[in-house]
Amino acid sequence: MSQLIFIPLLISLLVTKGKIRFLNNFESVLALSLHYGILVLALPIFILLYKAKKQPCSILLKVTTEPIILSAYATTFSTAFLAITINALFGLIIAWILVKYEFTGKETLDAIVDLPFALPASVGGLTLMTVYSDRGWMGPICSGLGLKIVFSRLGVPMATIFVSLPFVVRTIQPVLQDVEEELEEAAWCIGASPWTTFCQISLPLLTPSLLTGTALGFSRAIGEYGSIVLIACNIPMKDLVISVLIFQKLEQYDYQGAIVVATIVLIASFGGLLIINKVQLWKQNLSK
């Protein structure tokens, strides 16, 4: 195992041809950056995949087909998809308002968007509980509509919506700022309605960033733990998600099961991001 830990480092040394002089030229900076990225990102992922590969096939098959795990996967991905679908719509609207309009409190709204980035996950979960519990501000209203947010399955998408919204807004906002207003004004001059202008001019330009934001938000929603463990009841076959399930397996000293489940989530998240990047490149090539 100790030899495997140094394999990525050896690869990086070969790529840079052993030129590791301390920041005295571009190659040294590149080598240092490559080593840092491998140590921080690639090495933990590599070790996790290596641990999963060492598991017998019988254990892999048993773990991946357990009803509780299949239910947790279904809950995780379905609620994350629901959350990011809602955030794709409202995140686009919020980014549009922040860029296109001037109003009192704009700076405050712009700062609030980043709150999920700054808040600890447990604080976010406690905030949602305070708002949506039976004695919270929105709890009685939701109860009157027949909706129970806290300690129910609805708490999972509510938590993932909260943590993933900034990814959509912040990836769309800079692209929207760079869209030339002359294009929209030209469309209006030839009689196009605002909706037609948005659909045929603005939206195609925003699609790559929208896809990136939704992919990042989806990955963030899949991995959310701190707020979900507080706002949901985390009951198997009901609202248990993968991140909480992994922690429960570690508490039960089921390290093999935790590694297998975590590896599947890792592969799924990486595959989703890879597909989104391919789609972006394809759209960029079409636009040229």
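We number each residue from 1, going along the chain as drawn.
Glycine too: its Cβ is placed from the backbone N, Cα and C atoms.
For 73-276, the entry in Swiss-Prot reads domain 'ABC transmembrane type-1', with the evidence type sequence analysis.
Annotation source Swiss-Prot lists transmembrane segment at 4-23 (among others), citing sequence analysis.
The annotation transmembrane segment is assigned in Swiss-Prot to 29-49 (among others).
Cβ atoms under 8 Å from those of the transmembrane segment (79-99) belong to residues 106, 109-110, 113, 153, 156-157, 160-161, 164-165, 167-169, 172-173, 176-177, 206, 210, 213-214, 217-218, 221-222, 241 of the same chain, restricted to positions at least 6 beyond its ends. Under the heading transmembrane segment, Swiss-Prot lists 79-99 (among others), citing sequence analysis as support.
According to Swiss-Prot, the transmembrane segment annotation covers 111-131 (among others).
Counting only same-chain residues 6+ beyond the ends of the transmembrane segment (149-169), those with a CB under 8 A from a CB of the stretch are 75, 79-80, 82-84, 86-88, 90-92, 94-95, 98, 113-117, 121, 124-125, 128-129, 132-134, 136, 138-139, 142, 210, 213-214, 216-218, 220-221, 224, 227-228, 231-233, 238-239, 241. Look at Swiss-Prot and you will find 149-169 (among others) tagged as transmembrane segment.
Here Swiss-Prot flags 227-247 (among others) as transmembrane segment, drawing on sequence analysis.
Counting residues 6+ beyond its ends, the transmembrane segment (257-277) has Cβ neighbours under 8 Å at 45, 48-49, 51-52, 55, 59-60, 63-64, 69, 72-73, 76-77, 211-212, 214-216, 218-219, 222-223, 242, 245-246, 249-250 in the same chain. As annotated by Swiss-Prot, transmembrane segment applies to 257-277 (among others), with the evidence given as sequence analysis.
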